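Working notes for the structure below.
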Amino acid sequence: MRTYHCFWLLFWAGQPHQSFLTPLSKRTSGFPEKEKVLVLSGNSRRDLHRSKRSWMWNQFFLLEEYTGTDYQYVGKLHSDQDKGDGSLKYILSGDGAGDLFIINENTGDIQATKRLDREEKPVYILRAQAVNRRTGRPVEPESEFIIKIHDINDNEPMFTKDVYNASIPEMSDIGTFVVQVTATDADDPTYGNSAKVVYSILQGQPYFSVESETGIIKTALLNMDRENREQYQVVIQAKDMGGQMGGLSGTTTVNITLTDVNDNPPRFPQSTYQFRAPESTPPDSPVGRIKANDADVDENAEIEYSITEGDGYDIFGITTDKNTQEGIITVKKALDFENKNLYILKVEATNTHVDPRFLYLGPFKDSATVRIQVEDVDEPPVFSRPAYIMEVKEDVPINSVIGTITAQDPDAARNPVKYSVDRHTDMDRVFNINSGNGSIFTSKPLDRETLLWHNITVIAAEINNPKQSSRVPVFIKVLDVNDNAPEFAMFYETFVCENAKAEQLIQTLSAVDKDDSYGGHQFSFSLAPEAASSSNFTLQDNRDNTAGIFTRKTRYNRHEMSTYFLPVVISDNDYPIQSSTETVTIRVCACDHRGKMLSCNAEALIHPTGLSTGALIAILLCIIILLVTVVLFAALRRQRKKEPLIISKEDIRDNIVSYNDEGGGEEDTQAFDIGTLRNPEAIDDNKLRRDIVPETLFMPRRTATARDNTDVRDFINQRLKENDSDPTAPPYDSLATYAYEGNGSVAESLSSLESVTTDGDQDYDYLSDWGPRFKKLADMYGAMDSDKDS
């Protein structure tokens, strides 16, 4: 039969336990008189209906923040199998077992080794078991029990923010919500009043108040004015234990700002303002600034300025500077000191954003008086008109007055004025002006057909101060007079067939007139008197400014008369009557039976409206002259002569020059630049000689550049051979300084008179073919040849 046993747990209830200074096996006195023992036992079979024998505990309570020096006693484990012989040992496991909670394995006493904090961990769950010390086998099943930490008031209330910021409009009513503050307490809210928080205000009265339970801050004073005080600092306290004595507390700061409302009207700091403005101030220029002060800020301080009254209402204007809220007084129209020198204005400043709640405080506007004194300045002359328009007939004589310009000094001094014409507007000097009275007169003949309008500018300047000047445009229209005779609208050259019939129309004429005709032109056509009776043609005036040429006889013979010149008189009907005589050229041509022209006497007339022979000849002559000019210009550019080697007042071709100059040797570098000898490319070979006219133009020969180490003797020999074989070489003696003198020079004399190309003598007979300018040179060389022959 299985035997059932009982396992007891004894624990303290009531007041805190005393600490133990002795080992676990030794318990100090001071235990409570009563121990609560939970015993679950069953010594009879009737208890078998229970579950397997196990631990059964109530939850244990332990105060937090134990301040004693000994371990804190928790409770005792005991089993009914424990005979007190030490055969059993007690084992503890679970939260904090062996570290935070320890057990005496012999007696079953449980103790806490450290201070416990309910806010860190409020409940510990542990498991207990009794085992046989020798075999290690459990004698009782493992059971679980709970240790619950009892709370004490060890945490003060903490606000959710260290500093609160809030704002409300100024002038708010009492009880206006500002902000709500919140504080929390980490203590157990279900145990006592440790976590019950009450709010109170420590700083900020009498302006604000706080609800003790909710922490809502409200206004407590009526009509708080931002302009008097804008910032408030309120200190709120939160205290636990329901605010009772001994409770813990925490504080926070609330910064409250009063926001602006439009409760202040604008006010001018002075009632009258004085400004001065020169009369030369241009329109839209500022005269001065005024400002009305408004204690409000931002949009509540925005001001609109206006001129409500005054004698300068239409002369001056005022605008608002949005950045400075100043009123800028500007000039709208030109000022005139002589006309009015003082203006008095009434300016009004008004708030643009008015709050209807504060209209009872008075009108949100203010006014001030502005006095503007106009100062006199030296002004330029003023013309009587902004522009002048004049008319003049084109046939007026020179020096005829066509109009008068007037200008005067607007200043009180009335300085005299002189007039002049801006010659940049009258480059041809067609007009002039009297500098004293401003009368404009002609200085050259006018022609309406050449220029209808003349636009000139007249300058008026003060005599005492010419810098003070003004300008005015003058538009002069030239009126037409009948000074031009009518003429053909085009050049008429027509033909008549040899087989033409009488009264056959061969050409219709029309005319034009450069003059204007207000009623329209009316031209009359007739044959000149000398051709009216003997002409082979008749002229019929159509009375519509056209006329027709008709044949008078039946047949024409181009061999008898190939061309007819018919003079026609054209007259207008204007006054005075103008007429001109124009000529119509009529050629006699052979035609087919349909009247189509086949050929004329000298040339075929392709189209009656083509160019005349004279015009074609003129065009051809112009083309020929242009081509000749281009050819001559090109030839002159190619035949530019070379610079003569010797520049002298006397012509070297007609004189014998004595060469008695000797160089200073190779060290003499003053007479000639040796670099030029070594670098012939530096010489412009394209220049032709200007003192000879060769029969044939030869292209200049380019010689190879001498090396830097070439001996000057070899260089001179090379150049001598090249010049002897050059057909463009001069046939006369030229002076060339080489600045070189050596021993045993094979070149000997470098004179071109002794230069030869071969061992034979030089033939100079061709000099006689060069004309009289080379006669003396030819005679001299010819005489030398004669001497050699003899």
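The backbone N, Cα and C atoms fix where each Cβ goes, and this holds for glycine too.
Automatic, uncurated: that is what TrEMBL annotation is.
Some features that TrEMBL has for this protein:
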type     : residues : note
DOMAIN   : 79-159   : domain 'Cadherin'
DOMAIN   : 160-268  : domain 'Cadherin'
DOMAIN   : 269-383  : domain 'Cadherin'
DOMAIN   : 384-488  : domain 'Cadherin'
DOMAIN   : 488-598  : domain 'Cadherin'
REGION   : 260-289  : region 'Disordered'
TRANSMEM : 615-636  : transmembrane segment
Self-check item: Spatial neighbours of the transmembrane segment (615-636) far in sequence, C-beta under 8 Å, 6+ residues away
Solution: none
Quiz item: In the same chain, who gets a Cβ under 8 Å from the region 'Disordered' (260-289) while lying at least 6 residues past its ends?
Solution: 169-171, 225-227, 295-298, 300-301, 303, 316, 321, 326-337, 347, 349-351, 353-355, 357-358, 361-377, 379
Quiz prompt | Integer mean pLDDT for the domain 'Cadherin' (269-383) | solution = 91
Quiz item: Within the domain 'Cadherin' (269-383), how many residues are helix, strand or coil going by DSSP?
Solution: 10 helix, 56 strand, 49 coil
